[in-house]
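*Asks:* Before anything else, here's the structure in question.
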Amino acid sequence: MFERINKIKKKIKEKLSYSILKDEKIDYYNLPCPEESASFLSKLTFSWTQRMLMTGYFRGPIQMSDICDLPDDVKVQKTNPILDDIDFGNSKWPLLKFIYTNFVTKNKKSIFIVILCAIFSILSPLCLKYFIKYIQLSKNEKTFLTGLGYCVLLFVGTFSYTLSQQFLYWFGMRTSLHVRGALSQRIYEKMLKLSSSGGKKYSSGSIMNLISTDIGLFADFFWIGHLEIIIFPIQITALLALLCWIVGWSGLVGFGVMIISLPINTFFGSKMSKNLMLSLGYSDTRCNLTSEFINGIRFLKLYAWEKLFLDRIEEQRRLQLKYLYRRVIFAIFEKMLSQTTNAVVLVSTFSVYSINNEIELSVAFTAITIFVNLRQPIMRLPEAIHNLLGLIPSAKRVESFLQLSEIQTQPFINFNNKSINDDILIDNGTFNWNQDNDDYITNNGDNNNNNNKNEIKKRLIEKSEEEYETTTTTTDDNNNNNYESYLLNNINFKAPAGKLTIICGVVGSGKTSLVSGLIGEIYKVSGRVNTPNKISFTTQQSFLLSTSLRENILFGNEMNLERYKKVIEACCLAPDLLQLAAKDLTEIGERGINLSGGQKQRISLARALYANSDCYILDEPLSAVDPEVATHLFNHCIQGMMNDKTRILVTHQLQFIPSADHIVVVDNGKLVQGTYSELKSKGIDFESIMKTKKLNIDNQQQQQQQQQHDENEIIDENPMKKSNSLIESNKLINIDEIISDKHDSNLIEKAKLLVKEDKSEGAIGLHVYREYFKHGSSTFFFIATCVVYFFSQAIFQMTDFWLSTWSQHKLQGKSDSFYIFYYIIFIGLFIVTLVIRYFMLAHVTFSASKNLHTSLLNSVGFASCQFFDTNPSGRILNRFSKDIAEIDLLLYDLFSDVLYCGSTVVFAICVMIYISPLISLPFLVLIIVYNIIKNIYAVSSRDLKRYESITRSPIFSLLQETFNGLVTIRSYQQQNRFISMMQDHININLRLFYYSFSIHRWIGVRLEFISALVVFLTAFFSLFNSNAGFSVLSVTTAIGMCTYLNWAVRQFVELEVKMNSVERIESYINTPKEGNRFTIDNEEEGEENMINLNEKWPSKGEIEFRDVEIRYRPTSEPSLKNLSFKINSNDHIGIVGRTGAGKSTVGISLFRMVECSKGSILIDGIDISKIGLHDLRSSLGIVPQDPFIFSGTIRLNIDPFNKYTDSEIWVALEKVKLKSTISSMPLKLETMIEEGGDGLSFGQKQLLCLSRTILKNSKVVLMDEATSGIDYVTGDLIKQTLLENFNDCTMLTIAHRLDTIIDSTKIAVVDKGELIEYDTPINLINTKNSKFSKLVKYQTDFHKENEKNF
């Protein structure tokens, strides 16, 4: 028989597979929602979901193409606009009130179902009362048809109540999705509008936490909690009225006990709410730190600071768990009180009733059934109330976020007609980063900035160290938080239309603040600003999306192939595209992790150029490229394709100043502006500035004669030496060969960087549960907890047996007090075991939650860089936010429900079979059917949950990227496009919720029908039982079992669904780690392999590369090939080459950020692959190209391990010209800095990173474009500081500015991953046709030409 069933199943599977998969190109987005076209019967039974369920069961795991569209009323586009009418005002809880008014009360169907459900709740006890009376009749008084009629009534009464509950859940679900979608989208849209001051109050991590945790609590509550608060009081009142009718005024005693328990329940609920609010606060901080940790993971690894950050996160986790544990304790007390109340109600009611009445079967068991029906509302009402109270903190957090200050929607007068002067203007403009402290700004009414010109002239010409210490703006003594805000007070600015305006000034002078004022990113307090409608803006730190290079350039604009090709050529990107596997369709990693700094800047510039805007505002777009490329970009982009547009260029590269039509010199928020000749006439001496950066090679050339070098010193035979420069390559490449409308899908797939998020298939494996219990304590301890649960429930079941005995007075000669006494004993034992079981389970789940997070954090924290390259930060943060939140807040209740309901069902079945053995056969059939239905449901339910988790990651990834690129997105007016993208992501995620809830109802209706059938069969077989007491006991047990069986099945499946979070975390816990953190002496490997690493290593600083080859991925082309050279102790090596040549890879290979695929690197004769990563990285020093500043004090950013004294820190700050800046801050070294160093300029961040390295005083130091964001004068002073402080160190300097490395001991020229030249600067200069000599000649000729222009 089973073989035949399998054959049928196979045929169905094949047929279904063909019918569903025959059109593989089907667009699942366009599949209509089957509910909307379903018949009344299909809607009543939720049969419209069966296509998807059967697909999953017969064909295998369901795919996204099997999931239909959402109903229109659930889509974000429909629900989000409803929130437009919310008025926060001065009312209490405005958000909750608004949701109740606009999402709950307007749903008339749900209110009708609430009333219907309350009415049906008393139907089953009434039917039972008359059935018991019938059972107690003598045989002569009974007829089969009458008995059958009562059985049918019991079936109808039971099923009607449970069916109405299903629709109660259904309408609640729709409200939940309305609220989830609307609030999630509203938070994202609010983030797009946040002002600079508003944005500082929230990080991307805390906003993610709002959506994952707080909005999750909203969705959970408005799924059913909001209706429970309405229906439970009605239900309790109706059932109590029925109880009083059955047992008289004795029922009021029980009611009185309930009333007394409510304030205590409310107290516990408020305590739970308070502790939840506190835990959410620490959860926010934890998520912020985790987000910061993931975003800065490369820098933390380079500094060997992972453990420091992990400890900071763990401390916040410890505080979060402290309050979560308190919440669990109060939850246990609340559960104990609820269950104890039920027992006390029974004891008190029957004790009082027995005084004047005899306990009869119809009275006792009808009362018990009423109490069974009362048990859920009595237990769940306090839970619903404290869930509402717990929602209040989340509501306040969401309200606070939604009320943050926004950017000014109309801060400017946009000109688009000839009547308005089309120059870009600021008239008497006063700007501030924080719009909440206008009093901080003083308006002196001085409209003439000429009074400042002498001071600026003095600062530009004089180059003393003291005068060029970096400064910030005036600080308000009354507000310690204003130090980071550059103040622009009463300024006048002009950028002539169709002309080039260059803005220059020292580090921290206010250049970025000025352009931020032009695009509306800082608050305009007063004045007038004229800007065009369409502006392209490039930030100093390039913003790139995790998508293809082409999409980053198009940035939402339509493809114009001819213009696109011109942009690629103008931005010198053709040679870079030629090296990429899928050309411009190659996927760029998050924040452009697989690109060099110069490539990122050129892509950002290409985006601005392609947009074809009225005005281009470019903030330091040339700092990360070599001088030749910078000149090309200036001539072909800024002065080429942009030539007829208004251009505002912020730059430190003053060689371009003579080409400017208008020049603005900024110093400390003050402006002097005019043409070049006008500024010269005012005394601004640009010639002296230019002379500070001229390459000083004349003396070196005079000291040595030109000579031909030995082949051993210079790699003349290297074919790469003969290759063209980037500019020449750009000219020679046929652009049509690399840019095309036709694409090779195989190449595109191969070039993908991000890996697809894994989705497990099938049931949650036992290994996931074992892993959970192992982290909780042990599997044995959990089994012991289960035993206590079953023992506790066995004692509770004895109370029903005892009541049955009491009602029939089977023990002759015993008074009611005897029965009451032992009834109380059973209740007391039950309460004791109740306490034990809850605390045992709390220990398991709480320990698991704590240890899983620790394991996850350590696994991710010490994972390889490739892991972060291929997994977007949003996906990783999803584990730390949503998945951890589900484990923290849900698994305890789910395990408790499953064990409680499961043990109740087991004992109920045992009782029914014991009383009526004949029921065993139909029970077996029903159990088989039950199991089939559960299996059909479980397959799709698991897959939907897994897809829900996966579709959540794009929401967080987009949110993270949007937060990082807010300025760029707003300047390009791309908000609507990103809003639309988020709407799509949220709708897809809601779709998984919708169909997951729908199949919940599908199984619910069927299980409730089978449960009602169980009641019918139990009642039917009891008709043939001569023992009335046992017959009634079996029927009441069956009625009680229905509720618990269905709840057990639902909660078990929900538990399995939520264990998906454990499964997802476990997959990350098993992430391969980088390698050993510490060096291990292993004598077993032999003396030749032993590492003897002392504390002073490296003491010499000798470095040797031996045939090094490095690949970022096993399948990718090598980034470094056959690299062999030696660096002597105390040598200063300059590493040059075009952008993307492999310079940074050479540097970071010393830190083993990428392991050598071939060859080895030795420092002081020791192969660094044998050195622990922490030992290696902590022994080296680095100043990275993109500075990393994390949230915390300035002291913590400079000296996180508290190793140095204040005086040592101040000396380091003085050496990098930051002492006066930091000392002007109110709290000095204890001043708090926001994530990413908001409030500090790019150059200041670089200098702060430099101070860390100076303080560390390592023997080997890597400088990776460490001064690219610093003006030349400050750069010269920093260069002198480096020579003084690192004179006895081995230093590798990666730079595009040749003046930075011209005094190096040797120069290494890298091109296409190979070392093509390596010698002293003078030898390379004197070598005919050397690449370095060409670079020097180019810059020298360029500077000479510029000096003529000056």
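Note: Cβ is positioned from N, Cα and C throughout, glycine not excepted.
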*Asks:* What range among 294-314, 1029-1049 does Swiss-Prot describe as transmembrane segment?
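*Replies:* Going through 294-314, 1029-1049 one by one, Swiss-Prot gives transmembrane segment for 1029-1049.
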*Asks:* How about the transmembrane segment (776-796) and the transmembrane segment (887-907): at least 3 CB pairs under 8 Å, pairs 6 or more apart in sequence, or not?
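*Replies:* In contact, yes.
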*Asks:* Looking only at the domain 'ABC transporter 2' (1103-1337), what is the model's average confidence as pLDDT?
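*Replies:* Here the predicted model's pLDDT, averaged over the domain 'ABC transporter 2' (1103-1337), is 84.
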*Asks:* Tell me if the transmembrane segment (909-929) touches the transmembrane segment (111-131). I count contact as 3 or more CB pairs below 8 A, with pairs 6 or more residues apart.
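*Replies:* Taking Cβ pairs at least 6 residues apart, the transmembrane segment (909-929) and the transmembrane segment (111-131) are not in contact, as fewer than 3 fall under 8 Å.
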*Asks:* Six or more residues out from either end of the transmembrane segment (909-929), which same-chain residues have a Cβ under 8 Å from its Cβ atoms?
*Replies:* 797, 800, 1010, 1013-1014, 1017-1018, 1021-1022, 1024-1025, 1027, 1030-1031, 1033-1034, 1037-1038, 1041
*Asks:* Mind checking which residues of the chain, 6+ beyond the ends of the transmembrane segment (1003-1023), have their Cβ under 8 Å from one of its Cβ atoms?
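*Replies:* Distant contacts of the transmembrane segment (1003-1023): 45-46, 131, 135, 142, 144, 147-148, 150-152, 154-155, 158-159, 162-163, 165-166, 169, 912, 915-916, 918-919, 922-923, 926, 929-930, 933-934, 937, 1031-1032, 1034-1035, 1037-1039, 1041-1042, 1045-1046, 1049-1050, 1053.
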*Asks:* Any residues 6+ beyond the ends of the transmembrane segment (143-163) with a Cβ under 8 Å from its own?
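*Replies:* For the transmembrane segment (143-163), the nonlocal Cβ contacts are 117, 120-121, 123-124, 126-128, 130-131, 134, 1004-1005, 1008-1009, 1011-1013, 1015-1016, 1019-1020, 1023, 1035, 1039, 1042-1043, 1046.
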*Asks:* Sequence-remote contacts (6 or more beyond its ends) of the transmembrane segment (1029-1049), Cβ cut-off under 8 Å?
*Replies:* 124, 128, 131-132, 135, 154, 158, 162, 361, 365, 368-369, 372, 376, 800-801, 804-805, 807-808, 810, 897-898, 900-902, 904-905, 908-909, 911-912, 915-916, 930, 934, 1003-1004, 1007-1008, 1011-1012, 1014-1015, 1018-1019, 1022-1023
